[in-house]
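Step one of this worksheet: look at the structure below.
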Amino acid sequence: MDQNRHKLALKVAFPPTIPILTGFIFLGMTFGIYMHSLGHPIWMAVLMSACIFAGSMEFVAATMLIGIFNPFSAFILALMINARHLFYGIAMLERFKGTGRKKWYLIFGMCDETFVINQTISIPKNVDKGLVMTYVTLFNHLYWVTGSFLGSIIGGFITVDLEGLEFVMAALFLIIFLEQWYKGGRRFSTLGIIISIVCLLIFGTSYFVLPTMLIMLIIFIVFKRPLTRVGERI
């Protein structure tokens with residue numbers, strides 16, 4: 001019975017992570033190659049990927065490790081880079097209810113891509129919701145660690161310019177956005193575009209993400225039901 005429960009969860013969880021597999025392997029390899037270029041050993045790249053699991057922060061940490069370490073600066077920098085996860089956590093409060101001890105790993109492994117999948121994935125009623133989200137998180141985590149390991153191994157042999165591979169993740173979010181659009185969530189999608197553009201014009205490219213997410217979170221909490229009812233009639 002328990003084995004069947006895991007099989008059902010795996011069947012639901014794995015397919016949405018396939019695009020992440022491609023992106024994370026390439027980006028993870030980029031990180032591994034970068035770590036190798038800085039002189040860090042293979043085990044350190046793997047350990048950082050497994051324990052930090054925050055792409056941008058890992059690249060920053062790799063550089064900080066070869067200089068004079070300042071714990072306060074590292075803390076502030078990590079907070080600035082990953083502050084958006086505060087809003088991810090708030091948005092997932094309802095989704096994480098009833099997941100038991102799995103919730104701790106779900107919180108730890110909630111990167112951007114995992115958040116998007118776990119927030120939007122359709123889970124049948126006969127499948128364990130917490131188990132599906134745990135497998136989604138685990139798959140993405142393993143993809144990233146594997147990519148970092150491979151990059152560290154072959155870093156000394158790669159001569160191809162990997163600059164620009166981050167477009168894979170941008171393309172993934174575009175696909176997810178279009179899927180939500182065609183599923184009927186056009187009110188929220190349009191509102192998100194407008195808010196993002198306005199915040200971009202006001203705060204600039206370096207600071208618009210957090211204000212955008214804060215405004216969208218407030219709108220989502222306050223107006224979710226009215227907007228959903230209107231969206232259903234479109």
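Count begins at 1; order follows the chain as displayed.
Every residue gets a Cβ built from N, Cα and C, even glycine.
Curation plays no part in TrEMBL annotations; they are all automatic predictions.
Taken from TrEMBL as is:
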- 12-35: transmembrane segment (TRANSMEM)
- 72-92: transmembrane segment (TRANSMEM)
- 104-121: transmembrane segment (TRANSMEM)
- 141-158: transmembrane segment (TRANSMEM)
- 165-182: transmembrane segment (TRANSMEM)
- 194-223: transmembrane segment (TRANSMEM)
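If you look at the transmembrane segment (12-35), the same-chain residues 6 or more away from its ends with a CB under 8 A from one of its CBs are 42, 44-45, 48-49, 55, 58-59, 62, 113, 117, 121, 123-124, 127, 131-133, 135-136, 139-140, 143-155, 158, 162, 165-166, 168-169, 172, 175. For the transmembrane segment (104-121), the partner stretch with the most Cβ pairs below 8 Å, chosen from 72-92, 141-158, 194-223, is 72-92. Below 8 angstroms of C-beta separation, residues 17, 20-21, 24-37, 40-42, 45-46, 48-50, 53, 55, 109, 111 of the same chain, each at least six residues beyond the ends of the transmembrane segment (141-158), sit close to that stretch.
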